[in-house]
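As recorded in TrEMBL:
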type	residues	note
REGION	1-24	region 'Disordered'
DOMAIN	250-416	domain 'Helicase ATP-binding'
BINDING	475, 478, 515, 518	Zn(2+) 1 binding site
BINDING	484, 487, 502, 505	Zn(2+) 2 binding site
DOMAIN	492-667	domain 'Helicase C-terminal'
């Protein structure tokens with residue numbers, strides 16, 4: 001541990017300096033030794049190089065035709081690249097005879113509007129990331145490749161006037177009847193690219209088309225008509241708490257305000273969102289709704305389509321490049337009224353922005369873990385402030401950072417403490433499994449509770465946050481365990497495919513028939529994953545369907561939709577799954593939640609582990625008893641008397657959160673301090689640590705020279721999993737009591753890191769505000 005003495009003043013806002021070494025934006029650093037007769041185009045290129053590049057304008061392009069945010073095709077070495085214009089200047093550090101002309105201007109108008117361009121500049125500076133890479137990240141893939149930024153025509157499927165599922169021509173065609181029923185739920189038609197997401201069979205639709213029971217409308221992205229009545233169905237009445245939250249947010253609609261809507265699971269946060277969106281639409285503005293998981297997209301889209309006479313754009317990684325570009329352009333041009341998407345949808349431009357909603361704001365998937373390591377929730381707050389619009393962060397288990405901001409007055413805190421519709425909160429039971437035999441991870445009392453619930457005609461959710469059949473394979477003779485050849489990790493047994501898989505690097509082997517160490521054949525899977533639990537539950541309860549929901553079972557296209565359609569039919573069944581089941585899904589017939597292993601988060605070196613564990617338990621528990629029937633949550637644990645579990649199950653999440661915030665304050669951990677993590681990895685042992693040792697020394701010297709105090713350097717140390725994917729990893733943590741001195745140091749430090757000879761032997765990255773210390 002190395003500490004720089006505190007001898008500087010605190011500052012509440014980050015301070016950013018240009019990191020450009022060559023041709024920095026003139027608005028940030030004034031340079032320029034060579035005046036060139038023609039205008040100079042200063043471009044950001046999609047590259048990790050933290051600099052801008054100067055080019056002459058293409059032949060025949062006047063200065064008046066150029067705007068920041070436009071794309072140009074330029075020569076770069078022996079290849080061509082597409083860059084983004086940052087500014088037009090008169091001087092360059094590059095001699096006039098060395099400047100190359102750009103090949104072509106690709107846009108008549110900038111695809112990135114000024115507001116989004118400004119957000120990208122802020123993002124690049126705050127996260128200390130290449131501006132060219134940041135701007136490229138904000139564009140859909142096809143625009144990065146040079147596609148024209150123009151909308152195309154779309155086909156929409158409609159039910160024909162007078163058509164009915166009772167038509168005798170489809171009396172013996174169940175698939176056609178089902179397709180017609182689904183289509184009838186979308187009065188404004190279904191876009192062709194959304195057919196698969198709604199499980200609409202194209203063959204069935206074509207048969208209906210031939211019978212003139214449906215028709216196809218071809219239309220371009222014409223601006224949506226402004227409706228006198230935006231509602232396609234009546235709004236649900238708000239209870240007293242919902243009404244108070246709605247009115248408080250509505251009162252702040254005229255400018256930037258941040259609200260934390262902290263409502264227990266099933267409290268009706270979504271209904272508050274919907275009514276706020278209706279207010280936004282009536283004002284002639286657009287709403288952006290971020291969700292944490294792709295799998296929430298179709299059900300969210302369906303609910304919004306049922307409620308609104310509005311054009312809705314859906315953006316996430318599962319839509320193809322053309323669909324994503326069309327949705328992005330529709331939002332930019334004001335042709336989409338509501339934009340729904342995952343993390344990257346934050347960079348969707350809006351012509352008339354009016355409201356941003358971040359659902360499940362606590363979710364870790366809002367943090368990008370590769371490349372541009374931004375946090376969508378935090379950037380959404382910056383965007384809302386820049387565009388002077390309100391933002392709502394919603395969660396039943398708010399992050400400690402958001403709770404701290406609410407407690408200190410930065411956000412308005414709005415509580416929903418009661419479930420909507422009279423539903424009751426589930427009851428918790430801690431089941432001590434010490435000395436109890438476990439059958440594939442399931443105790444006798446748990447099996448009995450599951451059987452009773454199924455016999456009562458209800459559904460059961462069995463939660464185990466570990467996919468695969470078993471965490472490892474053990475030789476009972478010599479003790480060999482299935483380790484990954486490329487990582488310091490065990491290989492997970494996937495029995496159905498007969499494979500051992502590393503869930504960290506993706507390495508796969510066949511399950512051996514005999515021990516690779518001693519040659520014996522007594523190989524046993526140790527522990528339980530979702531695959532093993534599914535197999536055992538199917539044997540224990542053969543009369544009931546067992547549905548597994550994890551990354552393996554839902555990898556096939558539309559598999560998740562089909563699983564959830566089965567669940568929504570309401571027949572007694574068992575859902576077995578990972579945290580995919582914990583995120584926002586509504587299962588009204590689930591009355592028992594069985595958590596098979598709650599102890600993992602109690603033993604971790606990551607200071608956020610207990611927060612994540614508490615959030616996960618509460619979110620999973622929230623799937624129980626969301627309708628008329630009361631819910632019950634049984635938690636299997638070897639530590640039934642652990643203070644955290646007692647507090648969480650008896651006093652609730654907010655009691656836990658307040659205690660955790662008190663502990664963070666005493667320890668000087670976020671949100672009471674600010675972090676940056678420098679990671680390095682190399683093929684040879686010791687290289688990463690050597691690079692980080694030098695980086696640490698440089699940071700100490702720079703902090704002293706710049707008069708920056710309150711900065712602590714922790715490490716370097718090996719990563720918790722030192723070897724991963726064949727590389728040896730280490731990390732250096734930088735902690736500061738204030739944000740401003742940390743960012744001043746980072747901006748200068750990165751310039752030094754780029755010049756370090758040892759940096760050429762390693763792959764390194766900087767993570768500002770890391771959420772995982774791995």
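Heads up, the Cβ atoms here are built off N, Cα and C, so glycines get one too.
If you measure from the Cα atom of residue 502 (Zn(2+) 2 binding site) to that of residue 515 (Zn(2+) 1 binding site), you get 18 Å. Around residue 518 (Zn(2+) 1 binding site), a 10 Å sphere centred on its CB holds 13 further CB atoms from the protein chains shown. Reported as a whole number, the C-alpha separation between residue 505 (Zn(2+) 2 binding site) and residue 515 (Zn(2+) 1 binding site) equals 23 Å.
The distance from the Cα of residue 515 (Zn(2+) 1 binding site) to the Cα of residue 484 (Zn(2+) 2 binding site) comes to 15 Å. The number of other Cβ atoms within 10 Å of the Cβ belonging to residue 505 (Zn(2+) 2 binding site), over all protein chains shown, comes to 17.
Secondary structure from DSSP puts residue 475 (Zn(2+) 1 binding site) in a beta strand. In this view, the densest Cβ surroundings among the binding-site residues 475, 478, 484, 487, 515 belong to 484, judged by other Cβ atoms lying within 10 Å. Between the alpha carbons (Cα) of residue 475 (Zn(2+) 1 binding site) and residue 487 (Zn(2+) 2 binding site) lies a span of roughly 20 Å.
Taking the centre of the Cβ atoms of 484, 487, 502, 505 as the Zn(2+) 2 site, the nearby residues of that chain (Cβ within 8 Å, site residues left out) are 485, 486, 489, 491, 503, 504, 506, 507, 724, 725.
Taking the Cα atom of each, residue 484 (Zn(2+) 2 binding site) and residue 478 (Zn(2+) 1 binding site) are about 18 angstrom apart.
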